């Protein structure tokens, strides 16, 4: 082997050692970093908190619509950029002194940086998913007609959310620092940020990325008013149902809400974008598995279930989220409850069993199957990796890739902070569960302990699936639904 070939082989070996083991990450994420770029600036905190509050409010309110309305995080990623650059131009660069100290700060540390942009987006992303506890409070008011103690509800809502942050920090070393946990959805964000902050020159007769964004945003806003306010029926237009209005078969096959939706279409962007199947994020094998499962579910199992009239399926709509009684009417859950809102088996026998639409009944079966299948898949295919990863991570012997070594320049959050956060939130959960959001809804402390233990045990396999496939398939709520048969409200708090 010649000297040049030896040198080339050595460089290739060094490049492989100094890079991430995941090819998609190697092609997307840079291996350089500038620790002098400002991050925790005043404008980052202001923009992150303000827009995060707007996102959380929009998501919480839009959740109650039949077609949920939410502002995708990518919209905020694009909208924050011109605002951040505007603040970088107009804010004063003068340095102010903290009273009683020698430390100084400035409202404008320089150009709006990529790291500020990412930090703001992370804050906004925290409000993208509405807290489950707010839905629980809504259920108490609508279905039970009960008032809730506002203070207890706020503490319970906050403590359950903070518990998730604490446990996420406890597992961050294994699930974040591990170079084999590559999180497919994150790579899209990396590309977006790098593209937006890449210098560009406007060519004559063309528009910049910012100008294109403003034009596209205005066009989408105007267009969204048509199905959102002027023509709500545009969310789902079923041609077969319009042609054969009195045909049950036409409704089952063509209805986009109660059937297969064959021949139906929509002009609503919210309806088009609703779902988890994103080919730009999920790996190809994950998409193939998901599509195969859907075909098996919708076009094989559902017809067999329906046409054989299992559990009186042909008396009910083919697809519906409602729960029915033996008369085909919406199930009245108050008729099977005692005065303290616990389940009464005798009333249940005298009233009716629960009946579900075919799609929902089969969906429940697939849900329980995915729980055991997901756990078994992780244990068989990643069990040995998990075992060695735990030994390496918590033995502080884990081999870091180039990105892990770059992050060693920064101080990490002490593990004791996460412990304090978890303990504090657990105390809040115990106290509020014992007091109850009203005089009826009190939860035994054993349910709180059980929920935390299940999270600790199942978080790792659940997040391994998310980090490697881009989707989660472990319905953790199934455990508590099987254990709290006489206290339906306990399922919501869990």
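Cβ atoms are placed via backbone N, Cα and C, with glycine included.
Since we're looking at a predicted model, the values are computed, not measured.
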In TrEMBL, one of 9-28, 69-88 is tagged transmembrane segment. Which stretch would that be?
69-88
Of the residue ranges 341-360, 361-380, the one that TrEMBL records as transmembrane segment:
361-380
Correct range for transmembrane segment (source TrEMBL, candidates 151-174, 175-198, 391-414):
151-174
Which listed span TrEMBL calls transmembrane segment, if the choices are 124-142, 257-275:
257-275
In TrEMBL, which of the ranges 287-307, 308-328 has the transmembrane segment annotation?
287-307
Listed stretch, out of 69-88, 151-174, 361-380, 415-435, 447-467, that has the most CB pairs under 8 angstroms to the transmembrane segment (287-307):
361-380
Residues sitting near the transmembrane segment (44-63): Cβ under 8 Å, six or more positions beyond its termini, same chain?
69-71, 73, 76, 79-80, 83-84, 87, 116, 119-120, 122-124, 126-130, 134-135
Among 69-88, 151-174, 212-245, 415-435, 447-467, point out the range having the most Cβ pairs under 8 angstroms from the transmembrane segment (361-380).
447-467
Quickly jot the same-chain residues contacting the transmembrane segment (151-174) by Cβ under 8 Å, restricted to those at least six beyond its ends, or write none.
131-134, 137, 181, 389-390, 393-394, 398, 413, 415, 417-419, 421-422, 424-426, 428-429, 431-433, 435-437, 452, 455-456, 459-460, 463, 493
